[in-house]
Amino acid sequence: MDGQAEGSSQYRRVHLPPRSEYRFELEPHERLSIRLVQGRTQSGEDPDAEIFGAELVGGSQERWYPFGDEAKAAVSSWRGAEIEVAGSASTEYLAEEPSPVYTAYSNLHLYLERKRIQARQALRADAKLLTTLASSVLDPSYIAPRTTDPNTETESDPSGTAAATVYRPEGQGPRVMILGPESAGKTSLVKLLANYALRSPAVASLGKGEAAKVAESLRTGGDGIIYPNMEDNLSEEAKKQKREEEKRSDITGWWPVVVNLDPSDGAPPLPCCLSALPLSPLPLASLPSASPAYAFGTNTSTTGAIPPGTSTAHGVAPLSLWLGKENLRENERHFRRVVDWLAEGVERRFARDFRSRMSGLIIDTPGVITADARNKYAFIQHCVKAFKVDTIVVLGHEKLNLEMTKLFASPAVTTVETAEIPGSAGQRLPRVNVIKLPKSGGVVELDETYRSRLKALQVKTYFYGGSTSGSANTDGGVPKPVLPGHSDPLGGVPSLSPYSTTIPFDLLEIYKVGQESLAPSSALPIGASRTVTETQLVKLDPTNSAADQTSLLHSVLALIQPPRGGGGAGQPDSSTNPTDDEIIGAPILGFVHVADIDTVRKKITVLSPSAGRLPSKTAIIGSLDWQDV
């Protein structure tokens, strides 16, 4: 590597000049370990190295960082460094061209940092705003969660904007959406921005003034809604959490929310989901990149594990909703409906979590294709409106940048400004600033075979936990030595002992969205109307339908929060069928895999990550299949 790699192929040292990048791409069964070597740079400074913005710790805390599962990443250094690399990679090199990390991407981070500081100042200066925000989720005009589609028109709300009453631009951190074609580096940029936010020297607090006193008077009840002056009603667990929060008041770093709108990513928790992941600088101020199976780090929802892994970057489980498709374009109407519910959950969090509010949103999106231009990028417009996006970043796509500028034309702003956006029913939404950034030269084109392997790995990891190098990693039948850092599972995900359980057909309520295929309306008999739409929920009947039994076998089911509290042992969750919106807006509690169907005994055998009672008997099926081989 340009004469700057030393040592054997198993252990070698790589010298990184200032503002350089060491890139590697792993193939199946390849593993790599990297550590930052102690010492000084040629200019006498302390060395530094980071991966997607996550700092590699050196000095007295020197440690090895493992990588596997076909990971593709880059080690960047601002001041220069020497790293030691163990293992082999099919592709590894020092980038010759300058990386945008040191110019455009870091400038974008500084732009977002200014907006976060402005939001913090606004919250500190307006104590009354905190009370208004906290009480907004209790406003009778605000649509109750999971009973009515947030954008549904009602008699009392003909404009369909009641769900947006909780939104206020004041004290709101940046809401940035990353756009670009497939394999443009969108997720990598999202991780870099999130890691830089977590590592920021800023303190995401309300300070010691009147605003802090008002926030102190707000308490969280057992139902997750904020009530004023509820100290006496706090459980012991909530009081303990409060004391821990007080200790964290001076912790540096922002608390952003990462939203994943790409259902093919599978992170978190699995493919076919849309998720909002609240981050915090504790326990670790970074999102690990050990495996592409955990694009945003590890958490209980990602792995099915009860305790978080040792390398968990965050202790808060994501809000995940089930889309049921890996490609949003297969049912874009349903995608928009799920996006509305996810955005509503984010707004509710921002109304009660002031750290997250001032830290803002970072939104990852699916790759834009040519066909999206035919309907004027309708899904992008809907997401911008739903999440009140104020900054759109376009990666490496000149035409898309021009199209976004036309759709959301507005001057760049650095203060809170609002404007009516077409189709917003008169809502005052933030002006949108469109920014074009270059694509990194290290971006790797991913084929469908790789994506299929990654999806299978994500599902397997959910049920079985992480994997180690172990003796299965052999060379000519001789086990290879375990690399540093690979004695534990990648990402700190613990190994699990999945458990099979048998459930009667009539006990598990399973729904799907629409039919697999719909005949055109013109093919229907004269005067007849369609009974099932592409957004309507259909309850499966495996007892009487052989087709439903076939569709269930080998499928992965999303277990959702029972809409009406759930039934007791041996009882279904619902005495009457819930509404579509009660199912669509319900958060995912976990997943089960349908391993077997017994048509004679009318029972279904499902695999869960661990033994114990299932968290729900209400499930949704989609296109996610997996065979446990």
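Every residue gets a Cβ built from N, Cα and C, even glycine.
Since this is a predicted model, take the numbers as computed values, not measurements.
Same-chain residues at least 6 positions away in sequence with a Cβ under 8 Å from that of Glu21 (ATP binding site) are, in sequence order, Ala74, Val75, Ser76, Ser77, Leu94, Ala95, Ser99, Val101, Gly442. Per Swiss-Prot, ATP binding site is recorded for Glu21, Lys72, Ser183, Ala184, Gly185, Lys186, Thr187, Ser188, and the stated evidence type is sequence analysis.
Residues or ranges marked as region 'Disordered' in Swiss-Prot: 142-166 (among others).
Residues or ranges marked as compositional bias 'Polar residues' in Swiss-Prot: 148-159.
Per Swiss-Prot, the feature region 'Disordered' maps to 562-582 (among others).
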Under 8 Å by Cβ from Ser188 (ATP binding site), counting only residues of that chain that are 6 or more apart: Phe52, Ser440, Val443
Where Ala184 (ATP binding site) sits in the secondary structure, as DSSP reduces it to three classes: coil
Cβ neighbour count (within 10 Å, all chains shown) around Gly185 (ATP binding site): 23
